[in-house]
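Take a look at the structure set out below.
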Amino acid sequence: MSESKDKTTAPAADSNVNEIASGISGLLSSKDVAESNLRESSHEVQVTLADQQADPNSPLYSAKSFEALGLHENLLKGIYAMKYQKPSKIQEKALPLLLQNPPKNMIGQSQSGTGKTAAFILTMLSRIDYDLQKPQAIALAPSRELARQIMDVARTMSKFTNVTTCLCLPDEVKRGEKITAQLIIGTPGKTFDMIKSKGIDTAAIKVFVLDEADNMLDQQSLGEQSIRVKNTMPKSCQLVLFSATFPTNVYDFAVRIAPGANEIRLKQEELSVEGIKQFYMDCKDEDHKYEVLVELYNLLTIGQSIIFCAKRETADRIAQKMTQEGHKVDSLHGRLETADRDRTIDAFRDGKSKVLISTNVIARGIDIQQVTLVINYDMPLTQTGEADAETYLHRIGRTGRFGRKGVSINFVHDQQSWSYMDQIEKALKCQITRVATNDLEEMEYTIKEALKQIGK
């Protein structure tokens, strides 16, 4: 079982919080603060309170410092160990609402890199009774990779507490195994399987989180499994849904399953990729797409790059072919063995590999800060075969992370793929610039110049 236990307990606020916080804060240099890598929106966060009589602009619903939240010193230590000096805009508004008593449900729309993961992890850790060795907080993510990343945040933030944690993923826990960890991060299918087989007792759960909720609820199987998990929770359980995007159908569903929720939203235009220079390359056919990709290999390795494909077979075929030609690349998709998936994403995250060919399994939420270039080898489509602007947003959002600059390139090779890109360009109101593929030097120069701007 993937359970862990750390040092000291964190039950409630303490009198020497400010002294400890200021001491740790004083140790942070400007470089440390910069390294926390939070994206700050240029617009204010919009708050809609469940209590219509309450004023969302009241100081009661805003926290300019972590100390103002009344957190235990051990949680504050964890926050500062993560190099957060003050709450981001989304945290400033979300945390007072998430931590209020009695607990209230929340529907939150927030882009990756704004500190939303830290916000819901902090909520989970704050609700836990550290003397009760039972599951008390569960968060679900749509992919194994994202669940592991969330657990990394949880373990870092909780390292000064004695919380016990468990990753509820295939090959991490066995069916029927009894999980007593207080904080559980998992995927919907495995978590529901463990609940159904009596491996997880949900009677004491206080907080249930769906991350990337639009993905969960929009995909039929993940949505159904997530709802089954949610239906096992006590009625008093606080339900939190976070996502970068909330299409109307998903939002309506979220409101139904999280009644009386406070809401935090960014305007749709704020969920953009302003710092990412977007290009497209007009290829002759599928074979030409591969040839152009190979020509770009030297540019792919300047930083780190992700190549997104529509199918697992395509990802494997490209990776195999490029490897045979002497190029160092890795592929990642849901059909790989779990150990291979973990090893591949860890090597990429650690910077040991430079080029990753993937399906949408890492399109959402994955934080790999060194990614400077994303290629859409295939344009993203919905399950009904329509252009998928939201997945496109998530895909190219893997570069330009946390407000930094980045470059994305779309491959189009026929009228259909051109039409998909055109629909996405209009939906996102962005500009995608053509780069000629018949002049290698000009092609390399254009992309290199765009990549050079990243450091400026």
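Keep in mind that glycine also has a Cβ here, set from the backbone N, Cα and C atoms.
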Discussion item. Between the candidate ranges 155-158, 199-202, 211-214, 327-330, where does Swiss-Prot place the motif 'DEAD box' annotation?
Written reply: 211-214
Worksheet item: With the ranges 6-34, 64-92, 93-121 to choose from, which does Swiss-Prot describe as motif 'Q motif'?
Response: 64-92
Worksheet item: Residue counts in helix (H, G, I), strand (E, B) and coil for the motif 'DEAD box' (211-214), per DSSP?
Response: 2 helix, 1 strand, 1 coil
Response to the item:
Long-range Cβ contacts under 8 Å made by the motif 'DEAD box' (211-214), restricted to residues 6 or more beyond its ends, are 116-117, 120, 139-142, 146, 150, 241-247, 250, 254, 364-365, 390
